[in-house]
Structures are given as structure tokens and as C-alpha cells.
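Presented below is the structure to which this report refers.
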């Protein structure tokens, strides 16, 4: 069933497939390019030639029937790549129109050399005049974006914005060199106009802005090419410089290659307690419980309101359910003491509410988790909203200043969506989305554990190890109620089984299963992403966690950086 899903990033060689599981900052690459070229005994102009040819090969294979290419070149080395592509397209017999942006400074040396090589084969270009209407040939059937590269931060300048908006409106395919113009290579922010590419060819290493933030609206299918630098990039010095991991479809086999022991029993496969489901919110805790069971937890117990006992047992008779009658008599606190003594993993939040029940549950969970540091505590949904209230409570001002108002819980996992993240960080949602990696680091520091920041290009960060990952799975169909509740169940159930190396790997693996399950639903019989329900993910989970390793697979168990 996994074979129905396409990888979001293509790579050709085995080493490229390894390298595209890692992400480096664009700034690091700019500094490293001279050494990369020197390792091949070539100069930067030759490296640009490799990049342009690699991009041309990708685009020509995708659009073999497109005969008139419009190539837009900017004033930097991204434009230099465009000149190389133009030359190869012309030499292959295609009609090529090159439009260049005005620039007040000379082109970089490498771009100048590429421009001269284009002119040497008879190529011409037309400079775009700001403020004048952009007139394009009517028979153009492919647009190649070489306007802005990986160095941009903030919105494109006005005349670049005008050109970008114009080409986005053209009814023809668009492809981007290295990164779509207008997209921040470090964060995935599109602060202004941004080219909406159908395909993007990127070189030497993946950059975070291609994978998270607003990237999925603009990058299209990603194609990674190492330009012959695989051996240089795979060396320890370069791997140690990587910013984070990219967790993707192929990692399923690494995470779940270990089969369950033939002599396993329910007690050895993990015990989970889920706490939630206040009055009116029973569906959330039910979905969490079902997901927890389906990913393989040995025993699952739920603490919830009395009215949800019967529905839970009807839907999931395998679950043990305890009714929470009242939160004022100490009943819930005692139940939480017993839960932490019994379980290996606890999750608080699905359908919890922010009333007295939720407040009592969170208080008891934090207190018990501090006393049971070996247990994993997952906090989601209203548990996070209540945590934010604690964090920013005026009554706790003195404690906030002293840093003693929340315990340090290295085995905790928080799973905020951008709205919950903004409340935890006392900022705007836009501030979270502006730099999701930075936000995840700040969020993980709140309890000293692991943060899973939801959204396209989910970001996972572990405070204690410093490891970060971007989970490149899932789709827009996950923008519906209940998805987070399913994820909470997956996290709790997987953590309880102690299959992974650490909490970071557990969090990455659960997020991957969640995203791949949604991709499986979308891929079935041309289903698509609109109208996917959270409960539809659950039946797909066993096919993911029990996936057989393909005979050609070379993936090893993923490890964080």
C-alpha cells in the first residue's frame, strides 16, 4: 500500500538518497561552495555549469514536449544558472526567450561567465523595464524561474513582485531553479509574491525553506541533485554541519524494521493512560484511544467523564475505561497517582476542556510526571492551552521570574498547532509561522522535553539532545478536526512500546505514521485530499507499522543529528 505514495523529493544515486534525508542551512552552503568546488578541482563557474545542466536535465525530462521555454534571470547566481539552462535548451533545438532583470551592480563573476557562454552560442536576452507592461510571446509553454536564489529574506522588490505575479498568472507549467523566487530558503516564509512552481530542482543539499513554512504552496515536486559532490557531502565534517534531519516516506522501513518478539505479551508491549473527554468532547478521547490501540500498545486505559464510558467500550472494547465523576473531591488526583504507577506513558489533552476538570488533570499530571521522570508524558490540545495560562499567569509572576513554576520533564512531548504554539510563546501565529524551526526550539524549552510543532512540514525538536527534524509527509486533507487527537494516540502508543532509540525518534516516527496514513487515504482510487476524516487514518496504521522492507531498500534506522 505504501507503493501508491510518491516521494516528495526525488534523488538519483544511493548517496543522494541518503543526503536528501538531511538538511543544511542556505547560509552554510554559500560559505561551503568554494571548498566544494575545490574538492572537485574545479572553480565556481564549473560548479554553476553542473547546476544548470542538472536542472536542465530534470526539466527536459519532465517537459519533453514543451518547445518554447521562457527563462527569467535575476542579477545573482540563480540567474547564472538560468543562462546555463538557456544554452542547453537552445542546443537541444528548443526555442528560448530570456528575460533579465535590471541591476545596478555587475553580475557575479560566475553569472557573467554563464551569460557570455549563452551569448557565444547566439543567445540574446531582453531586459525587463520596471514600470512597463510585460509582453511575452504567446507560444511560451514553460517558464523557468531564475530570478532570486537562496539569499533572499523579506519580500521581493517591487519590480520583482510584478514579474512574479505576472508569471504566476500564465496558464503554463512553471519550474524553479534551487528555490522558488520569493521563498525564504531558511524558513519557508513567503513574505511577498512567490513563484508557484510545479517542480523545483535544488542542488548540493536540501534547505529548510524547501520543506516547511509555506513551502508546499510553492515548491511543487522537489528534485535533489548533488552535482557530483556526494562523497564530499557525506564526510563527517559536512554531516556534522547539517541543521536537521528530513524524515520521509522511506524512513518507515527503518523505524519499523524490528518485528515484535514472538514471545511478547500485552504487558511487555506498553501500558498507556489517556486523560481527556470532558463534557461535550468525547469524540477526541475516543479517537486517541483507537489510534493508541492500532499502533500496537499492549494495554490502553482511559480516564474520562461517565457519559463516554459506554461509547468508548462500544467502539473500542479492548480499552479499559475509568469514569471521572468529579474533580473537586480529590478523586481525579488519586486516579492520576494510580495511573502514573501503572502506565509507562500518559497523554493528557484530547477533549480535555479548560474548565475545572482540565485544570485538575493538568496539575496532577505535571506533579506526578515530576515524580516519575522515567515515564513519558504527552500534552496536547487543551492541556497546552492550560499550560499557556500557567506560563503567563500574572498571579505566578514571581515564580515565572524564578523559573520554578513548571517542572523540567525531559521525557515530555508537547504537540502544539501554530495557534497553541502562539499562546505558549505569547506571540502571534504569524510569528510562529515566520520561523517554525526557531519556534519549535523555544517550545521544547518550556518543559525541557520534545516539541512537535504541527503544520505542513511538521518540526520536531528535542531540548536535551538538540536534535531537530522536519517530517515531510501528510497533506492538506489533514486540516480537519480530530487529526491531532489521532496523533496523540499514536505518540502515546508508540512511546509505551519503547521501540525507538529515544523520545525524539519516537516523536518523529509517530508524526511520520500520521502523515503517511493521510497520504495513503488521499492516494486511494484518486480520492484526493478534500474531505479526509481523522478516523479514516486509523485503519491504515497497521499497514505502515508492519510494512515489509523492500528487497531493494537500503534504509537504516533513522537517527537524529
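Cβ coordinates are placed from backbone N, Cα and C, and glycine is handled just like the others.
Here the structure is a predicted model, which means the values were calculated and not measured.
What Swiss-Prot records for this protein:
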- 78, 145, 181: K(+) binding site (BINDING)
- 351, 485: (6S)-NADPHX 2 binding site (BINDING)
- 454-458, 475-484: ADP binding site (BINDING)
- 29-235: domain 'YjeF N-terminal' (DOMAIN)
- 249-548: domain 'YjeF C-terminal' (DOMAIN)
- 77-81: region 'NADPHX 1' (REGION)
- 149-155: region 'NADPHX 1' (REGION)
- 417-423: region 'NADPHX 2' (REGION)
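Known features from Swiss-Prot, placed on the structure.
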residue: 78; record: K(+) binding site; DSSP (3 states): helix
residue: 181; record: K(+) binding site; DSSP (3 states): coil
residue: 351; record: (6S)-NADPHX 2 binding site; DSSP (3 states): coil
residue: 454; record: ADP binding site; DSSP (3 states): coil
residue: 476; record: ADP binding site; DSSP (3 states): helix
residue: 482; record: ADP binding site; DSSP (3 states): coil
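When averaged over the region 'NADPHX 1' (77-81), pLDDT in the model lands at 97. Annotated pair residue 485 ((6S)-NADPHX 2 binding site) and residue 476 (ADP binding site), C-alpha to C-alpha distance, rounded: 17 Å. Each of 72, 74, 79, 82, 146, 147, 148, 149, 176, 177, 178, 179, 180, 195 belongs to the same chain as 78, 145, 181, is absent from that list, and has a C-beta within 8 angstroms of the C-beta centroid marking the K(+) site. Long-range Cβ contacts of residue 351 ((6S)-NADPHX 2 binding site) within its own chain (separation 6+, distance under 8 Å): 276, 277, 278, 281, 282, 283, 284, 285, 304, 381, 382, 485.
Residue 480 (ADP binding site) sits 30 Å from residue 181 (K(+) binding site), taking the C-alpha atoms as the reference points. Spatially, by CA atoms, the binding-site residues 78, 145, 181 include one closest to residue 456 (ADP binding site), and that is 181.
Cβ neighbours of residue 476 (ADP binding site) (same chain, under 8 Å, six or more residues apart in sequence): 456, 529. If you measure from the Cα atom of residue 454 (ADP binding site) to that of residue 181 (K(+) binding site), you get 25 Å. Taken through DSSP, the region 'NADPHX 2' (417-423) splits into 6 helix, 0 strand, 1 coil. Separating the Cα atoms of residue 78 (K(+) binding site) and residue 478 (ADP binding site) is a whole-number distance of 34 Å. As a summary of secondary structure, the region 'NADPHX 1' (149-155) carries 0 helix, 0 strand, 7 coil according to DSSP.
Between the CA atoms of residue 458 (ADP binding site) and residue 181 (K(+) binding site) there is a gap of 23 Å.
Of the listed binding-site residues, namely 181, 458, 480, the sparsest CB environment within 10 A is found at 480.
Between the C-alpha atoms of residue 484 (ADP binding site) and residue 181 (K(+) binding site), the distance comes to 33 Å. In sequence order, 72, 167, 174, 175, 176, 177, 180, 181, 195, 197 constitute the residues six or more apart from residue 145 (K(+) binding site) in its chain with CB-CB distances below 8 Å.
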